[in-house]
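Per TrEMBL, the feature active site maps to C152, H317, N337. Sequence annotations record features per position, and here TrEMBL assigns domain 'Calpain catalytic' to 88-393.
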Amino acid sequence: MKFRVFGCVGAEGVESPTQEVNNRMNKIWVCSQCTLEIPLGQSTCKVCDTPNDHQSPSLQESEDLQKLNRDFDRFNLIVSYCIKNGDSFVDDSFPPCLKSVFYDSKNKDNAPTIKWCRPKEILTPLEGNTIPWTVFRSPLPSDISQGILGDCWLLSALAVLAENQELVNKVMITQDYNNEGVYKVRLCKDGKWTTVLVDDLLPCDDKKQLIYSQARRRQLWVPLIEKALAKAFGCYEALISGRPIEGLATLTGAPCESISLQVSQLTTNAEPLDINLIWAQLLSSRSAGFLMGASCGGGNMVVSDEEFKKVGLRPRHAYSVLDVKNVLGIRLLRLRNPWGHFSWNGAWSDQSEIWTQELRQELCAYGSEEGIFWISYQDVLKYFDCIDICKLRKDWHEIRLGGRFPPYFNKKYQNCFLLTILETTEVDLTLFQENNRTFEKNLRSRLDLCIVVFESSNDGVPKLKKLVKYSKRLVLDFVETEVLLEPGYYIVICMAFNHWHTNLTHYKEYPLFNLSIHSSQQLLVENLNSSGHLLADAIIDLAVMKGDAMCYTPWLTAYFLSKHWAGLALVVENRHPEAWINIKFNSQESYNLVSSRGDLVTIDTIPPCYRQVIIVLTQLESSRSFSMSNRLIHRQSYTDDLHDWGPPGCCHIPQIDSRLEGLHMPRPI
């Protein structure tokens, strides 16, 4: 379904940077099945019941504003009711009981006793109980203290935000303590802004002391934000374990990038690290004012808990990155443990004898009691697996688009967008899938995600021209890529494949996605409805440009795309002017990979002067490594069948039906 959208969502909402606004097309959507023009307010076609699965940016912005207004009205109604009746708010959608704490509250007989207390009931013996509770008291990173919940990924991100109270204010919308106990928190969940309403009943022990996160000096902003995330994901237990990048993305909505500090163990063709390039990235990110967090001893690192403990670090733990310095040729980072204690004790720690008095004073190396410490870049490379960067920029423009990933590609369902660039623009694209924290770990699954950007023509029907940029294809919650675009037209394609082997048939079962577009200049965006073979053409171009080419004959070339691809895309090209090519491809001995065709053995015949996406293999479980083993057999034929490789009249095994033809049907060269 296509929308002509000439507005851009910036800091002030929807604007029109050109005079080409087509008012009529901003008021209707066109059904992809029967082409009926339908008012934007109607969600399905009244003739054929086809859903409006792609919304225009202007409509989405309008709906977001309506939701904000509803949230505002609900907040005011609750406050008014509580004042009138002398009550405090109790959120019945996230009630003060065990089901708000655990996934399965029925099997928690040995769980500690939890009392839900209002701030006026909560005791803080270390600080005394005479200081009044408040939402903020000039927030500082050192205020944050982690409780018994393993959500250091969130608290390390909060500590970075606390360096600038303006950033915390954008999350904690209700900034004044109120007796009604109702607060609004703004989060960017799964790439989409949402306002979460919470009460101030907080989990405490039998001594009425907070058991989860807290902020010193009797501030509420930390436990209230933590509670908002627990509500958004279903329970407090859902917050256990994560990486700073998720916290930074959720709290800021800004594009985030993860820089690996270890060579990947998930694949055998991983690239070596360029530690000088990484250091330059860290310095430039700090100079730009970007927020950063670091993950210690996680990922695929072989970790000795005793070794980490000996040097004052906690494995599988998230730290805030407060500073990056190059001092007299010495590369140093300043980190903070969200526990507020337990600090690094090696070289460049507070107790280290390496410091000169002048350098110690210049860098304020006195914070170990609050969990703040300096550490050399070399030791960071030894003990940390990645550093996450949140690219928060002022005066940039933002557009967010939503959709679904069906397990196929055709004219009806296309996750493609047309960008019109009016002036040279930096663009940051992030593709999100629905977060799986709402499920217990053993029930979680993720899609692979990839963003591809092509230069496009604008001769009525947009077509792919030149490959401009693509993200790594990864089985993660989100992927990101940034690109500098000159004036012109560009097609953005959002991809996911590891669910193509499933039997999902209903629209509402298809996985959700959100695409965020951040840009230094205003741009125009349209939902794109092009040919049903756009995905095949994109994968072919990507494999030809970036894959490894193997020439079997003067007429036959196979392109193996595996670098940064979480698996393999195989494209075979038949340049013979008269003969067909039979291709048998076997990848049965591969591990933790699934096939876009539902089978690891494929047989195809490719016509003269055609090429075909034979198979897309995709990593299934993100926590496990994958391995590929494949064998390709080819032969030439002067008829269009498989001969003894298949039944008469058959050209493809498995058959390429209507669900697969958008990716696997042979395409002319």
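In case you wondered, yes, glycine gets a Cβ from its N, Cα and C as well.
Features per TrEMBL, on structure.
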| residue | record | DSSP class |
| --- | --- | --- |
| C152 | active site | helix |
| H317 | active site | strand |
| N337 | active site | coil |
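A Cα-Cα distance of 9 Å separates C152 (active site) from N337 (active site).
When each of the active-site residues C152, H317, N337 is scored by how many other Cβ atoms sit within 10 Å of its Cβ, H317 comes out lowest.
If you measure from the Cα atom of N337 (active site) to that of H317 (active site), you get 9 Å. The predicted model assigns the domain 'Calpain catalytic' (88-393) a mean pLDDT of 92.
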